[in-house]
Amino acid sequence: MCDTPNITRLSYRMSTFTDPIDIINDRDVRFFFDLAMQNPFELYKLYVIQESDVGSSGLSCLNNLKAPDLNIPLKESFDILNDECPNLENNYEKSLTSHNQSGSSSIVFDAGHIFNNKEEMKLELGKKALLEHFEFKVDRSSKTRYEVSCLGDGCEWRFKAHAIPCGNLWFVKHMNDSHTCSKTQTHPHFRQANPKVLGHFLKEQLKDSGRIYRAKEIVKDFRQRFEVEITNLQAWRGKSYALELLQGTTRDSFAELPIYCYNLKLANPGSVTHILVDEQSRFEMVFVALGAAIRSFMLNLRPVVIIDAAHLKGEFKGTLFLAVGMDGNNQILPLAYGIGKSEDGESWTWFLSKLRDCVGEIADMAIISDRANSIHVGVRNVFPRVYHGLCCRHLMMNLRLPSSKKKEYEALWWKTCKSYRMSDFTESFNALCLAVPRIRQVLTNIGFGRWARAHCPGNRYHYMTSNSAESINSLSRFSRKMPITQLIEFFRESVQKWFYDRRLQGMQESHSLTQWAQKKILKKIEGSRTWTVAGIRVNSFVVDDGGKRGVVDLSNRSCSCRVWQIFGRT
């Protein structure tokens with residue numbers, strides 16, 4: 001086809017941003033010209049790659065072509081190409097280099113430069129204006145033409161582009177890149193700082209989902225970096241668009257949810273997912289429980305489930321439902337999580353029913369939560385025979401203890417909640433009610449067994465609050481801004497990382513106690529140094545801690561102080 005020697009590659013590009021398409025045989029040539037005949041010839045760039053004797057390569061235009069028998073005026077067509085683009089090689093390399101250096105101080109578009117679509121062209125122009133500190137106005141915008149000029153009075157900067165027929169491509173017809181105005185002025189409310197342009201520059205800063213990047217900080221950064229002024233509203237819209245580029249839209253995320261759940265179960269055996277929809281197939285709730293977490297709870301964890309809910313912060317203003325368990329090292333493990341429209345009795349009933357399908361009804365199981373009526377309804381509907389304890393901290397906040405001696409009253413409250421002996425509870429409770437008489441009837445109506453350790457009919461071990469679930473909610477405070485699939489994926493990644501880290505920790509501490517257990521034992525040893533112990537019979541001892549006495553029976557694994565029964569055997 002070509003008299004040029006040492007040709008190793010013949011290819012063409014639809015634009016400077018697309019990959020080259022190789023021409024290998026007559027069929028490829030026919031395809032190229034069928035495509036080229038429908039559009040202006042000057043818009044296609046045809047190149048040959050030549051290998052020199054030393055192995056280096058070069059890029060050049062085609063000359064002296066010999067046409068195969070395709071019934072197409074191949075020679076004439078290539079002459080037109082070469083006449084229209086005499087500096088094709090230099091223009092191509094210059095355009096491509098200037099585009100790839102978008103982080104530099106300027107972007108250059110030569111005549112013939114091709115954009116994939118009009119939106120890309122407008123974005124690149126906006127980036128150029130932001131980097132070079134000038135504003136432009138749109139003189140003409142239609143389906144076939146786009147012309148802009150510098151906003152400065154009398155400035156000769158111009159940009160003109162035309163659309164390529166039968167496609168979305170646009171090419172630069174003319175551009176005068178010389179400004180005759182001053183570009184040193186800092187413009188208030190920079191007009192080219194639209195969400196797409198700002199979002200392009202904010203993507204990198206927002207890849208860390210844990211970063212708090214406020215609008216006023218974005219305004220300050222753009223003032224220092226680009227010497228332009230943008231408003232808080234522009235900054236917020238740009239940030240929203242950047243997050244959309246990184247995470248996808250909320251609508252797309254909901255559409256991907258069934259596929260995500262399906263693949264999640266394939267990749268994690270034993271995992272359970274459920275999606276609840278209404279009569280019109282609109283989303284209502286989703287439930288996710290990872291197989292590894294469920295197996296760990298059934299085989300290794302204490303039979304205590306701590307549940308809580310938190311509001312979502314993204315475009316979808318829903319509710320996150322959470323159930324966590326605790327292992328022997330006092331470490332938190334999310335058992336199940338779900339997302340719904342609101343926190344009500346019906347939502348909690350559905351969520352807890354799916355959790356029951358995963359773990360069943362375990363003997364001596366306990367559920368800890370705050371005093372929300374919706375949770376109470378859900379627990380009674382799904383786990384009627386399970387002990388349901390209240391978070392003592394939430395209950396204390398609801399009591400609104402007087403602020404005059406708040407610390408003193410709070411200390412007395414916690415002493416009442418955590419008492420093991422009935423005598424200790426009665427003493428502390430009466431003292432608290434004497435100081436704040438109005439709370440006696442409230443706590444009596446709630447029931448001592450739901451918040452006081454001494455009256456607990458079940459076994460809540462030493463978990464007197466729902467802080468474990470609150471900790472996970474705090475961990476996800478930034479992720480709760482994400483679309484739904486991204487939020488679910490955050491929990492999966494977190495659980496996977498924790499399993500890996502704890503497996504390594506277990507291998508390193510296989511022959512010794514964990515750090516948490518060591519600290520607990522050392523604290524007990526230090527606290528018992530002054531105790532006196534006297535035997536009364538075989539495996540029975542009287543222990544005096546300096547304040548009260550207890551009888552320890554090692555045979556029955558019991559103590560009259562009730563600490564061992566409630567906490568020690570865990």
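Cβ atoms here come from the backbone N, Cα and C positions, even for glycine.
Summarised by DSSP class, the composition of the domain 'Transposase MuDR plant' (111-162) is 15 helix, 19 strand, 18 coil. The domain 'Transposase MuDR plant' annotation in TrEMBL covers 111-162.
Summarising the annotation, TrEMBL assigns domain 'MULE transposase' to 304-398.
Secondary structure counts, DSSP: the domain 'MULE transposase' (304-398) has 32 helix, 33 strand, 30 coil.
Over the domain 'Transposase MuDR plant' (111-162), the average per-residue pLDDT in this prediction is 91.
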